[in-house]
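Q: I'd like to ask some things about the structure below.
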Amino acid sequence: MKKGLPKQFQDYRNVWVFIELEHGQVHPVSIELLGEGRKLADKLGVHLAGVVIGPPGGQGTANAIADAFAYGADLSYLVESPLLAHYRNEPFTKALTDLVLANKPEILLLGATTLGRDLAGSVATTLKTGLTADCTELNVDSDGSLAATRPTFGGSLLCTIYTLKCRPQMATVRPSVMATPQRVNRPTGSIIRHDLKMLEEEIATKVLAFFSDCDSTIANLAYADVVVAGGLGLGAVQNLQLLKDLARTLGGDFGCSRPLVQKGWMPFDRQIGQTGNTIRPKLYIAAGISGAVQHRVGVEGSDLIVAINTDPNAPIFDFAHLGVVADAISFLPALTEVFTKRLEPRNLEKFVQ
């Protein structure tokens, strides 16, 4: 496939990962992408670079560069400007596209977050290149082409997409799809600085104020340590409260399988599976979920999977670590009661032991 690449793109090399900052901290998906980017770079025999964009002198950008090297980057690109203090599409797009045009990476990876999706789309459009969104697997073929795999047709098929005649090859990956690599104390590589050639007057959007999202009801399932989810086996929408009660008792979050979203019982941000959230909690409790392959793909990275289902032949028992053949509607309240008693202060030390 590479042999058909136009001549002007044949000198593109190296793998880049955009390091996303969230409230001054590196977003976990960027660390996951550094681990995946390291594998791709090693297969191609090229360098892995972290790309950091932010305000000058900020502790966040310094930490981002340190994390990039600790998780596998050989070098980092840094764009600093007061215009980059907060995310706005125009200056971030300008910074990243100018970097790409000047340094010619072969592969550019971003997290499929709200920010990453917005930035990736505008950068790909500006550069007139291809973008494969929400990938679940990344690899390189024998000729070095990026093979970006993502679910399609509602998760019933996996499609591998190639960017044949454009560069860079761009892809976004959802949080928790890739494993988090080990942090390693490595020598600091080169830091290449680049100026943002833009004026405030050229930017249409202005940041006026920030409002705390501490009361937000939006799910953050991708990074929850404990997740309790329900499926059609719950029978009625009012039984979702059983999930919420158990999740609250365990200090976790709650979600559901795709059919409950289709019924309108829960919003899409609570959907778990190949076409929803991919999760890697320490404990995953699935109540009344049959365990179709699309759901399995989204949860199989969990440390411990506990399945509750009335059907002993349900597919979920094939990959659950612990299985309970029971009616989830009656079993969940009993389980919540047991954990509530066990987690009382006087019993907590004994429970942990």
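Glycine too: its Cβ is placed from the backbone N, Cα and C atoms.
According to Swiss-Prot, the protein has these features:
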BINDING   283-311  FAD binding site
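Please go over these features one by one and say how buried each is and what sits next to it.
A: Applying an 8 A CB threshold to same-chain residues 6+ apart, the list for ASP311 (FAD binding site) reads SER290, VAL325. According to its DSSP assignment, ASP311 (FAD binding site) is coil.
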Q: Count, for each of the binding-site residues LEU283, ALA287, VAL299, ALA307, the other C-beta atoms lying within 10 angstroms of its own C-beta, and report the residue with the smallest count.
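A: Looking at the binding-site residues LEU283, ALA287, VAL299, ALA307, the Cβ with the fewest others within 10 Å is that of LEU283.
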Q: As a test of the contact definition, list every same-chain residue at least 6 positions from GLY291 (FAD binding site) whose Cβ is closer than 8 Å to its Cβ.
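A: Long-range Cβ contacts: ALA307, ASN309, ALA314, PRO315, ILE316, PHE317, ASP318, PHE319, ALA320.
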